[in-house]
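Pulled from Swiss-Prot, these are the features on record:
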type	residues	note
BINDING	30, 31, 32, 33, 34, 35, 36, 37	ATP binding site
């Protein structure tokens, strides 16, 4: 799949922009704070209906405007699809082929993207929240039902936490309601957990050989899910629910005392091991970066295996963060099969066949100038 064009209106620092793209490589060049990352982000938001940079949608709307709008056209193997996302203070509305979608989960997944930005290098050494977000965003693309369960879980979690804070003063009168929320949380949480186990099993199958290749056969990568309750990948849904119920019963008084939910997918984490050593704790910076690169390349192949088309790859100022060897491995892997967008302040020092035929887009203060063929 590839995106052929995009239109922006009141998006970040773009008042109005219409731009067409090559189906292979597009290089976006500009100094910092000129709008190249905003353009890359707009492609991501068009696909995912949320930003990888902020959770505050208001930041996506141009200063002093009431709304922002992104339109694009996606070419898939057997069809051409128009996508539109309107962002306002009231929320987001999405359209596919001019038809408004009732739920964003019906929209997300039509256009698949893999973003690789400098902050993704923190996937290994960053906070658990970074890794959970990685899971949610990537899994949501290939399993819309996961996004539904996640949104329902978040709603119940918010209600349950509000009730727990209220119960800190007087718990007895609200215990029945707490039990209702607990059962709802278990219902959605168990399904989220089951989907995460399945996804990580597939990701492991792709990431391990990729990591082995990048490390020239010297390193074996293992991805380990660390749930907040004592469950395992081998358990079925009913067993996971049973363990959740018993675990919530055991921490009930502690949750009331602390006024917050202590268990569930929102408390889980991922760990990465290279040659049986925890990369977050014992890995070198090079090993941490190789792990992040392996995961991103594995995402590309996993999405292809699920939807039978390669996703769009967004490389946002990340090539300069990789050494020549990892840079070459990345570009060799995607060459000729993945539509790729690259942002950079300069193409000097990046000598690779993949970039030779690229469309070059120069960005200066929210305006663009294009040229094709850097040769």
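For all residues, glycine too, the Cβ spot is worked out from N, Cα and C.
Values in this document were obtained by computation on a predicted structure and should not be read as measured data.
The binding-site residues listed here are 33, 34, 36; among them, 36 has the most other Cβ atoms within 10 Å of its own Cβ. Mapped onto three states, the DSSP output places residue 35 (ATP binding site) in coil. In this structure, the binding-site residues 32, 37 were compared by how many other Cβ atoms lie within 10 Å of their Cβ, and the smallest count belongs to 32. Counting Cβ atoms from all protein chains shown, residue 35 (ATP binding site) has 24 others lying within 10 Å of its own Cβ.
The residues near the ATP site, meaning same-chain residues not in 30, 31, 32, 33, 34, 35, 36, 37 whose C-beta sits within 8 angstroms of the mean position of the site's C-beta atoms, are 38, 345, 363, in sequence order. In this structure, residue 30 (ATP binding site) belongs to neither helix nor strand by DSSP; it is coil.
Cβ contacts within 10 Å of residue 31 (ATP binding site), excluding its own Cβ and spanning all protein chains shown: 12. For residue 30 (ATP binding site), the number of other Cβ atoms no farther than 10 Å from its own Cβ, over all displayed protein chains, is 22.
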